[in-house]
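Taking it in order: structure first as C-alpha coordinates, then the write-up.
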Amino acid sequence: MAKIFKFGPHLIPETQIFYKSPYCLGLVNLKPVVTGHVLVVTKRLAARFNDLTPEEATDMILSTQKISSVIEKHYKASSLTFTIQDGPEAGQTVPHVHMHIIPRRKDDYENNDDIYEDLDENKQRQHNIPMGADNEDRKPRSAADMAEEADRLRLLF
(Lines of atoms letter the chains of each structure in order from A and count residues from 1; the text may use other names and numbers.)
(Lines give C-alpha, C1' and ligand atoms only; values in the text may rest on other atoms or scores of the structure.)
Protein backbone atom coordinates (compact mmCIF):
# COMPACT_ATOMS: atom_id res chain seq x y z
CA MET A 1 0.00 0.00 0.00
CA ALA A 2 1.34 3.45 -0.93
CA LYS A 3 2.33 5.78 1.87
CA ILE A 4 0.26 8.89 2.50
CA PHE A 5 1.68 12.11 3.94
CA LYS A 6 -0.45 14.64 5.80
CA PHE A 7 0.00 18.25 4.62
CA GLY A 8 -2.27 20.21 6.94
CA PRO A 9 -5.74 18.77 6.26
CA HIS A 10 -4.67 17.37 2.86
CA LEU A 11 -3.51 13.81 2.18
CA ILE A 12 -0.55 13.65 -0.21
CA PRO A 13 0.26 10.31 -1.85
CA GLU A 14 3.90 9.30 -2.05
CA THR A 15 3.61 9.51 -5.85
CA GLN A 16 3.60 13.33 -5.51
CA ILE A 17 6.78 13.43 -3.40
CA PHE A 18 10.04 13.83 -5.30
CA TYR A 19 12.52 14.54 -2.48
CA LYS A 20 13.03 13.29 1.09
CA SER A 21 15.40 14.47 3.80
CA PRO A 22 15.46 13.65 7.51
CA TYR A 23 12.81 16.30 8.36
CA CYS A 24 11.37 17.55 5.05
CA LEU A 25 9.78 16.53 1.77
CA GLY A 26 9.71 18.07 -1.69
CA LEU A 27 6.21 18.02 -3.20
CA VAL A 28 4.83 18.95 -6.58
CA ASN A 29 2.14 21.62 -6.40
CA LEU A 30 -1.58 21.05 -6.97
CA LYS A 31 -2.08 24.62 -8.25
CA PRO A 32 1.29 26.02 -9.37
CA VAL A 33 1.53 29.71 -10.30
CA VAL A 34 4.15 28.82 -12.95
CA THR A 35 5.52 25.57 -14.34
CA GLY A 36 8.01 24.12 -11.86
CA HIS A 37 6.48 25.74 -8.74
CA VAL A 38 7.13 23.19 -5.97
CA LEU A 39 6.88 23.04 -2.18
CA VAL A 40 9.24 22.06 0.63
CA VAL A 41 7.25 20.90 3.66
CA THR A 42 8.15 19.54 7.06
CA LYS A 43 7.34 15.88 7.72
CA ARG A 44 5.96 16.79 11.12
CA LEU A 45 2.83 18.89 11.04
CA ALA A 46 3.81 22.31 12.37
CA ALA A 47 1.52 25.24 11.63
CA ARG A 48 4.03 28.10 11.89
CA PHE A 49 7.73 28.57 11.19
CA ASN A 50 8.49 29.31 14.85
CA ASP A 51 6.92 25.95 15.77
CA LEU A 52 9.83 24.15 14.06
CA THR A 53 12.67 22.64 16.04
CA PRO A 54 16.15 23.97 15.18
CA GLU A 55 16.82 20.71 13.34
CA GLU A 56 13.64 21.04 11.25
CA ALA A 57 14.30 24.69 10.42
CA THR A 58 17.88 23.93 9.38
CA ASP A 59 16.79 20.96 7.28
CA MET A 60 14.06 23.03 5.62
CA ILE A 61 16.59 25.66 4.51
CA LEU A 62 19.16 23.09 3.36
CA SER A 63 16.46 21.10 1.52
CA THR A 64 15.24 24.30 -0.13
CA GLN A 65 18.78 25.07 -1.26
CA LYS A 66 19.26 21.59 -2.75
CA ILE A 67 15.83 21.42 -4.41
CA SER A 68 16.03 24.97 -5.77
CA SER A 69 19.34 24.28 -7.49
CA VAL A 70 17.76 21.37 -9.36
CA ILE A 71 14.51 23.25 -10.13
CA GLU A 72 16.35 26.27 -11.55
CA LYS A 73 18.40 24.11 -13.93
CA HIS A 74 15.61 21.70 -14.87
CA TYR A 75 13.10 24.43 -15.72
CA LYS A 76 15.76 26.69 -17.29
CA ALA A 77 14.95 29.57 -14.96
CA SER A 78 17.21 32.57 -14.49
CA SER A 79 16.04 33.34 -10.93
CA LEU A 80 13.88 31.93 -8.14
CA THR A 81 11.30 33.26 -5.72
CA PHE A 82 11.21 31.68 -2.26
CA THR A 83 8.34 32.37 0.08
CA ILE A 84 6.86 31.15 3.34
CA GLN A 85 3.42 32.52 4.12
CA ASP A 86 3.51 32.28 7.92
CA GLY A 87 -0.02 32.60 9.29
CA PRO A 88 -3.41 33.46 7.75
CA GLU A 89 -2.77 37.20 7.52
CA ALA A 90 0.36 36.44 5.50
CA GLY A 91 -1.71 34.42 3.01
CA GLN A 92 -1.09 30.94 4.46
CA THR A 93 -4.01 28.76 3.37
CA VAL A 94 -2.65 25.39 4.56
CA PRO A 95 -1.81 25.37 8.30
CA HIS A 96 1.45 23.49 7.80
CA VAL A 97 4.84 25.17 7.34
CA HIS A 98 5.91 25.11 3.70
CA MET A 99 8.34 26.94 1.46
CA HIS A 100 7.32 27.81 -2.09
CA ILE A 101 10.09 27.51 -4.71
CA ILE A 102 9.04 29.33 -7.87
CA PRO A 103 11.22 29.38 -11.00
CA ARG A 104 11.41 32.85 -12.55
CA ARG A 105 12.42 34.33 -15.88
CA LYS A 106 13.02 37.83 -17.14
CA ASP A 107 9.71 39.65 -17.70
CA ASP A 108 7.55 36.74 -16.50
CA TYR A 109 5.55 39.33 -14.55
CA GLU A 110 5.13 42.96 -15.55
CA ASN A 111 5.41 43.95 -11.87
CA ASN A 112 7.67 41.55 -9.98
CA ASP A 113 5.52 41.62 -6.83
CA ASP A 114 2.41 40.46 -8.73
CA ILE A 115 3.56 36.90 -8.09
CA TYR A 116 2.50 37.33 -4.46
CA GLU A 117 -1.04 38.17 -5.59
CA ASP A 118 -1.07 34.95 -7.61
CA LEU A 119 0.09 32.99 -4.56
CA ASP A 120 -2.77 34.43 -2.49
CA GLU A 121 -5.75 32.17 -3.29
CA ASN A 122 -8.07 34.72 -1.68
CA LYS A 123 -7.05 37.38 -4.23
CA GLN A 124 -7.00 35.25 -7.38
CA ARG A 125 -6.45 37.22 -10.64
CA GLN A 126 -6.27 36.26 -14.30
CA HIS A 127 -2.62 36.56 -15.37
CA ASN A 128 -0.84 35.68 -18.61
CA ILE A 129 2.41 33.96 -17.59
CA PRO A 130 4.86 33.41 -20.46
CA MET A 131 6.32 30.29 -18.81
CA GLY A 132 3.45 28.24 -20.25
CA ALA A 133 1.44 27.51 -17.11
CA ASP A 134 -2.34 27.46 -17.37
CA ASN A 135 -3.37 30.05 -14.81
CA GLU A 136 -7.11 30.21 -15.47
CA ASP A 137 -7.96 30.51 -11.78
CA ARG A 138 -5.14 28.03 -11.15
CA LYS A 139 -7.26 24.93 -11.63
CA PRO A 140 -6.05 21.85 -9.73
CA ARG A 141 -3.92 19.42 -11.73
CA SER A 142 -4.74 15.74 -12.05
CA ALA A 143 -3.09 13.18 -9.77
CA ALA A 144 -1.56 11.55 -12.86
CA ASP A 145 -0.02 14.85 -14.03
CA MET A 146 1.43 15.49 -10.56
CA ALA A 147 2.82 11.94 -10.30
CA GLU A 148 4.45 12.30 -13.72
CA GLU A 149 6.19 15.53 -12.68
CA ALA A 150 7.31 14.00 -9.37
CA ASP A 151 8.70 10.96 -11.24
CA ARG A 152 10.76 13.23 -13.51
CA LEU A 153 12.06 15.32 -10.60
CA ARG A 154 12.82 12.31 -8.39
CA LEU A 155 15.39 11.13 -10.96
CA LEU A 156 17.36 14.38 -10.46
CA PHE A 157 18.15 13.71 -6.78
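Cβ atoms are placed via backbone N, Cα and C, with glycine included.
Please treat TrEMBL annotations as automatic predictions, because they have not gone through curation.
Checking TrEMBL for motif 'Histidine triad motif' across the ranges 71-75, 81-85, 96-100 points to 96-100. Of the candidate recorded positions, HIS10, GLN85, GLY91, TYR116, the one lying closest to HIS98 (active site, tele-AMP-histidine intermediate) when CA atoms are compared is GLN85. Just so you know, of the recorded positions HIS10, HIS98, HIS100, the Cβ with the fewest other Cβ atoms around it within 10 Å is the one at HIS10. THR93 (substrate binding site) falls outside any helix or strand according to DSSP and counts as coil. Counting other Cβ atoms within 10 Å of each Cβ, the lowest count among the binding-site residues ASN29, GLN85, GLN92, THR93 belongs to THR93. In the domain 'HIT' (4-111), helix, strand and coil residues by DSSP number 30 helix, 34 strand, 44 coil.
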